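Student: Shown below is the structure under consideration.
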Amino acid sequence: MKKVTVDDFSSPENMHDVIGFYKKLTEHQEPLIRLDDYYGLGPAWVALRHDDVVTILKNPRFLKDVRKFTPLQDKKDSIDDSTSASKLFEWMMNMPNMLTVDPPDHTRLRRLASKAFTPRMIENLRPRIQQITNELLDSVEGKRNMDLVADFSFPLPIIVISEMLGIPPLDQKRFRDWTDKLIKAAMDPSQGAVVMETLKEFIDYIKKMLVEKRNHPDDDVMSALLQAHEQEDKLSENELLSTIWLLITAGHETTAHLISNGVLALLKHPEQMRLLRDNPSLLPSAVEELLRYAGPVMIGGRFAGEDIIMHGKMIPKGEMVLFSLVAANIDSQKFSYPEGLDITREENEHLTFGKGIHHCLGAPLARMEAHIAFGTLLQRFPDLRLAIESEQLVYNNSTLRSLKSLPVIF
């Protein structure tokens, strides 16, 4: 197998057979790969094994805080600070949120944000999520066809997180436009200016909303965050803006792709789709298996907080240490028949939501949305099938496993 480059992890060609690509990668590469360059930010390491990924996720020697260990800080002379990735790192250094910092800041920020994601609050959303799902499917039922991405998998989580935050319905489409623009620009080193322009538009909108919430507080997450105090330690202005930005983007982008990827996986495994359609009680295990098999987040990352030796290789302090969630989720040492889809799989320690202190805060909400989306879709449209050949589907050039569209008929 040829030397691996960063483009291999996001090329649309490999997206057509993600499992096959990572299976070949794990069979022909060492468990820790070194990339010569990661989007203009210098060299990086990529861990492929489940156990190694768990170590990186949970061991405090691997750090998140880009303010401490970003290449922009340590290697200013050798890094092009005009690239899209550099601009994104620069923004993250100035706009910290719980995803980009370590304790004690992480502990404080997560505690404040978690007040919006208590089990009771998530469970209280169930009727509304079901209602939104029904309304979206009602709107396409008469046509007997839809683009599952545009008509269903994207609108559902956008509406849910927008209502949680108290964002007007007419503004919700902006979020998809901004996140689409950001993701595309971030993959192109020449688009640094576009990254910064898009982030500015996004943050300016949040600032405008915060002014309205200060003047007219409501029973929503944004109003609650404005009032948030923890041991007299208030969210700073930048922390507040970045936390809301994170909730908006993480609250819809990944769930949308989970739903569309999951439906495609079922369509490509008709025996599994029939089994789920005829046995709705399998929905909990089906959701976990689709998270493992078709999860949208393919790559995550940390920084080495000190010189670290893994598999006999020295990772210098400050270098990026990436990990492949896809490879970890098909590790044959952890899963039986890992490259197969089995919605009855019982032991399923997938890493799609991460591990440790950065475990996805919105995991219960994403699970609920997926459970309702898959179950209702198969109940309403039992003859659901692809409208085109799967080879004709187009994937985004992204580190997220994401379809541009998914035409289906029913």
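Note: Cβ is positioned from N, Cα and C throughout, glycine not excepted.
Just lifted these from Swiss-Prot, have a look:
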BINDING   HIS106, ARG110, ARG302, HIS358, CYS360  heme binding site
BINDING   THR249, GLU253  substrate binding site
Student: Can you give me the Cα-Cα distance between HIS106 (heme binding site) and THR249 (substrate binding site) in Å, rounded to a whole number?
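Tutor: That comes out at 18 Å between the alpha carbons.
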Student: So, in DSSP terms, is GLU253 (substrate binding site) helix, strand, or coil?
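Tutor: In three-state terms, GLU253 (substrate binding site) counts as helix.
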Student: If I take the alpha carbons of GLU253 (substrate binding site) and ARG302 (heme binding site), what is the distance between them in whole Å?
Tutor: 21
Student: So how many other Cβ atoms are close to HIS106 (heme binding site), meaning within 10 Å of its Cβ?
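Tutor: Result for HIS106 (heme binding site): 19 other Cβ atoms within 10 Å.
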Student: In Å, how large is the greatest distance between any two Cα atoms among HIS106, ARG110, ARG302, HIS358, CYS360, the listed binders of heme?
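Tutor: Across HIS106, ARG110, ARG302, HIS358, CYS360, the widest Cα separation comes out at 18 Å.
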Student: Name the residues of the same chain, 6+ apart in sequence, whose Cβ is under 8 Å from the Cβ of THR249 (substrate binding site)?
Tutor: PHE175, THR179, LEU182
Student: If you skip the near sequence neighbours and keep only those at least six away, which residues in the chain come within under 8 angstroms of ARG110 (heme binding site), Cβ to Cβ?
Tutor: MET98, ILE357, LEU361
Student: Tell me the Cβ neighbour count for GLU253 (substrate binding site), meaning other Cβ atoms within 10 Å of its Cβ, over all protein chains shown.
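Tutor: The Cβ of GLU253 (substrate binding site) has 25 Cβ neighbours within 10 Å.
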Student: Give me the long-range Cβ neighbours of HIS358 (heme binding site): same chain, 6+ apart, Cβ under 8 Å, in sequence order.
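Tutor: In sequence order, LEU57, LYS64, MET98, LEU99, HIS106 meet the Cβ cut-off.
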Student: Could you list the residues of the same chain, at least six apart in sequence, whose Cβ is under 8 A from the Cβ of ARG302 (heme binding site)?
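Tutor: Set apart from ARG302 (heme binding site) by at least 6 residues yet with Cβ under 8 Å, we have ILE56, LEU57, PHE62, LEU63, LYS64, MET320, VAL321, PHE323.
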